[in-house]
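Contents: one structure, followed by commentary.
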Amino acid sequence: MGCCGSAERPKREWKPLEDRSCTDLPWFLLFTLFLVGMCGICGFTIATGGAARLVFGYDSYGNTCGQRNEPIEGVRLSGLDHTDRKFVFFLDPCNIDIIQRKIKSMALCVSQCPTEELATYYDLKRFAMMNGSELCSYELPGHKYPSLPERFEKCPKLPVPESKALPVFNRCTPVDISCYAKFAEAVVTFVSDNSMLNRLIAGVAASKEIIVGLCLLALVLSMILMVIIRYISAVLVWILTALVVLGSLGGTSVLWWLYIDYRMTMNETMTKDLRETEEPNGGMKTTKDHAQGLLIYAVSATVFTGILLLLMLFMRKRVALTIALFHVAGKVFIHLPLLALQPFCTFLALSLFWVYWIMVLLFLGTTGNPEKNEDTGLVEFRLTGALKYMTWYHAVGLIWISEFILACQQMTVAGAVVTYYFTRDKTKLPVTPILSSVLRLVRYHLGTVAKGSFIITLVKIPRLILMYIHNQLKGKENACARCMLKACICCLWCLEKCLNYLNQNAYAATAINSTSFCTSARDAFMILVENALRVATINTVGDFVLFLGKILIVTCTAFTGVLALNYQRDYTEWVLPLIIVCLFAFLVAHCFLSIFEIVVDVLFLCFAIDTKYNNGTPGREFYMDKALMEFVENSRKSMAMEERGRSKRARPKEEAPGTSSA
């Protein structure tokens, strides 16, 4: 049967935390095979010498520095013994390809990098004789450098700058990097003045202690906000509601005032023009168009405001649920303090994987068959045939495994929150609910996480391909094609966001009932559809409150940064540190409050399930927290009052016929 079959299924009751079994085992096996393939790519690059060529370097004839080499067919000077030549030296290190971001110069393996500037060919000869490190092509003898006619093509460009070897990668790099100014301008395109760049970098270097301190401040503020947001959520929500209503009414009023004022001015102008000339001029048509545009804007704003006020009227009671969920989410972080470490764990896992992925990608860049570039005459290693698809496989791995790590975080948080919610006696919670959730994930639900992350990958890959095509065709495609590309990219982005939200709720349903991904997604979707208005309220009001929290953290960090950096009178020296701090503060706030958002969403799903299958009677007691219980009781009281009001209005209508007959 397919993912979501249409056959009749018996109604299944939710039994939180009672049964636990493995879910989506085939997808776990598929993901394991995919990981084996990723490791196989890494092993292939190491076995074929790609890793060695990246780390130790290789010359323009295909020889790896620091080891004995095998000859390459058709390439002269290949197969040399470079055991004593462990460093890569570029004849013209400043000859940089701006587009490809690489050095186009011929490379040689040398035994020592030049320790001083060499201005003449006699200096090259002296350096070769004294140190045994020949800086010209291998076929040229060092003692004949000044007299050889080939010295202009096969010797380094004069003067040869003083160089030092890079740690680990053994490349001779000039000590004076002024020749890389053009490359730096290509990378840092927003800086056109080198002195400005130097001052900005100097400002960062001088303020590094302050930058670290402000980053730690942003971290502390984010953790504090997650705990205290339950106390200020009510104030923020009602302030937000008031601002939205007042802003809509004010904007609509201003548009109508502009339209009326413009219309009055237009009438006066038209009357004056008719008095001065018999024929109406072309400006009158333009004026009418402006007035009609203002009228359309005013009417649209009025319709929008009316719809907004109606939504506020119908959703005002549901705002209280958002406040209650925020209150309970704050309690969750008090009972489960290790939730605050989830962003660190996820960031660490993603960082380690990305470092590994970039390392293997660099290995792939030096793996393959040697080919001679006809334009430059240099030997390059390229993947040919079926091997070139290894790069695509590796690229898919970047997306799928990254999404898998993020999904593991969502499943871990969902499992811990579900354990908290459906444990009636909070004193009987596990010692470490987070660790228990991780163990359940590893033991039972890795297949579910792999399947959910694969679905996101299937949507993300086409979007990234379309974005790449759009960037490549920028300025070349017509307006219709550009609009279609942007529309497709936007639709795929919206689909990805919707699937992300559904996946998150599917993981929560799996954590509750231990069902497969498709079953959990279907059940969670049905619960969300039944509570559509509540979902809309939580996602709009709650997300904006969390956004205000992020802005609050960034603003506090920036204000503290201005006070701390104020001693530097030149604003150009502290503007870059302040930008770095603000970006880091927003990133940290986003990571932490995203965990808070996941907690709120999982709590809502648990609450919806609780209210659907329980009613507070003996044997069907609620699991919910006191704050949510108060919300339910208030909702019941308001519904009872509405019911009594309807019955009172209906009673006179029923008695009226009897009275008339009497």
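The first residue you see is number 1, and the count goes up from there.
The backbone N, Cα and C atoms fix where each Cβ goes, and this holds for glycine too.
TrEMBL entries are annotated by machine, without manual review.
Worth saying up front: this structure is predicted, and the values here are computed from it rather than measured.
Look at TrEMBL and you will find 637-662 tagged as region 'Disordered'.
Per TrEMBL, the feature transmembrane segment maps to 25-47 (among others). If one looks beyond the transmembrane segment (25-47) by at least 6 residues along the same chain, the residues whose Cβ comes under 8 Å of a Cβ in the stretch are 356, 360, 363-364, 366-367, 390, 393-394, 397, 400-401, 404, 446-448, 450-451, 454, 517.
As annotated by TrEMBL, transmembrane segment applies to 210-229 (among others). Same-chain neighbours of the transmembrane segment (210-229): 204, 326, 329-330, 333-334, 340, 545, 549, 552-554, 556-557, 560-561, 564-565, 577, 580-581, 584-585, 588-589, 591-593, 595-596, counting only residues six or more beyond its ends whose CB sits under 8 Å from a CB of the stretch.
Taken from TrEMBL, the feature transmembrane segment covers 235-260 (among others). Using a Cβ-Cβ cut-off under 8 Å and counting only residues 6 or more beyond its ends in the same chain, the transmembrane segment (235-260) has close neighbours at 291, 294-295, 297-298, 301-302, 304-305, 308-309, 312, 319, 322-323, 541, 544-545, 548.
Positions annotated as transmembrane segment by TrEMBL: 294-314 (among others).
Annotation source TrEMBL lists transmembrane segment at 320-340 (among others).
Look at TrEMBL and you will find 347-365 (among others) tagged as transmembrane segment.
Here TrEMBL flags 398-422 (among others) as transmembrane segment.
Look at TrEMBL and you will find 544-568 (among others) tagged as transmembrane segment.
The transmembrane segment feature in TrEMBL is assigned to 574-607 (among others).
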Cβ contacts the transmembrane segment (398-422)/the transmembrane segment (294-314), at least three under 8 Å, sequence gap 6 or more: no
Surrounding residues of the transmembrane segment (294-314) on its own chain - C-beta under 8 Å, 6+ positions past either end: 241, 244-245, 248-249, 251-252, 255-256, 258-259, 262, 533
